[in-house]
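Please read the structure below before turning to the comments.
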């Protein structure tokens, strides 16, 4: 489904190995008693993950409402590869244990031994988790940890459209700002236009939340007319109405596909690879900012203002990463990008080799203004700032070193 390199070929193995330790580090130490209500699950030793093959795959699919399959290449004979595969299995086993009562099953499909089954199921990308629910197939493009995978699958179990029926639910809807969201106003669940909307929602579930209301009072507060659908870009206050209501499923899907890359979007554990692979000409504009930190919050607010002022520019897309969401990756990012993530940063990253160049802050105590940030972004979009310039500087430094040796 996705053939692009994930954060660079060399970066992938390190990144994935780091993510695998989440399960181990997140498990309470043995001998430490948790209070009632805070008893974290520990693997009970029961094998629940199924090796799916040509003989059993039909029965496996009949057994579970939702089935998550890890499509993997055969582990190599060396100790490190064997250990890594065991850890991946353990992550799936713990997730299977937690979700056993929810009717969620887990399986393994070997890309060599079970190639025929993989072909029938449409599995194409090794080391990916494919989730099957009814007629829908969802590729999980998130962090490979038990907690994140469980959270994702719980979302999969939810209905693709959430109904807004009162003031509190409306307030909760309005508080969602860090992801795309849609809301439509329809006569009832039996409306053919609502059913088209629901079918469209299934295409993006659970990555993009779809909401609907049948309440005229709620619709009035949202300035929605009957059968009208509003699309909210992430971090944008004002929606865009999908034109030519009432809309068919195909029209809704097409509109979302065309507009799903927000001007400012947040890297999230449950969709990190999907976001990273959606680059513009092989690069990302990346901003690091801790929302809980005063400087990070101020910088993020400036980013939001710049994004809102430039939302009509299809060439501008900024990925915001909150380091607090990825503590295990902070040392890796600091080393790879040669930056200090204790302070806000913004730069350009080449997705192929992770080469990067970062905005110089004139004064560490004075963060860039919206105008300064816009000027820098304009230089990036015009190609005046790019990672190749940084390579040239490195070459010059190497030449200087050679001269010193002479």
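Glycine residues also receive a Cβ, built from the backbone N, Cα and C atoms like all the rest.
Under the heading signal peptide, Swiss-Prot lists 1-34, citing experimental evidence as support.
Look at Swiss-Prot and you will find 43 tagged as phosphotyrosine, backed by a large-scale study or a structure entry. Note: residue 43 (phosphotyrosine) has non-local neighbours 90, 93, 94, 97, i.e. same-chain residues 6+ apart with C-beta under 8 A of its own C-beta.
Residue 81 (phosphoserine) falls within a helical segment according to DSSP. Listed in sequence order, 75 are the same-chain residues six or more apart from residue 81 (phosphoserine) with CB atoms under 8 A from its CB. Residues annotated as phosphoserine in Swiss-Prot, with a large-scale study or a structure entry given as evidence: 81 (among others).
A coil conformation is recorded for residue 124 (phosphothreonine) in the three-state DSSP classification, outside any helix or strand. If you look up Swiss-Prot, you'll see 124 marked as phosphothreonine, on the strength of a large-scale study or a structure entry.
If you look up Swiss-Prot, you'll see 216 (among others) marked as phosphoserine. DSSP assigns residue 216 (phosphoserine) to a helical segment in the three-state reduction.
Annotation comment: Swiss-Prot describes 350 as N-linked glycosylation site, evidence class sequence analysis. Around the Cβ of residue 350 (N-linked glycosylation site), the number of neighbouring Cβ atoms within 10 Å comes to 19.
Positions annotated as region 'Disordered' by Swiss-Prot: 382-406.
Residue 124 (phosphothreonine) sits 46 Å from residue 216 (phosphoserine), counting Cα to Cα.
Across the fold, the C-alpha of residue 350 (N-linked glycosylation site) and the C-alpha of residue 216 (phosphoserine) stand 48 Å from each other. Annotation: 124 carries the greatest number of neighbouring Cβ atoms among the modified residues 124, 216 [cut-off 10 Å, Cβ to Cβ].
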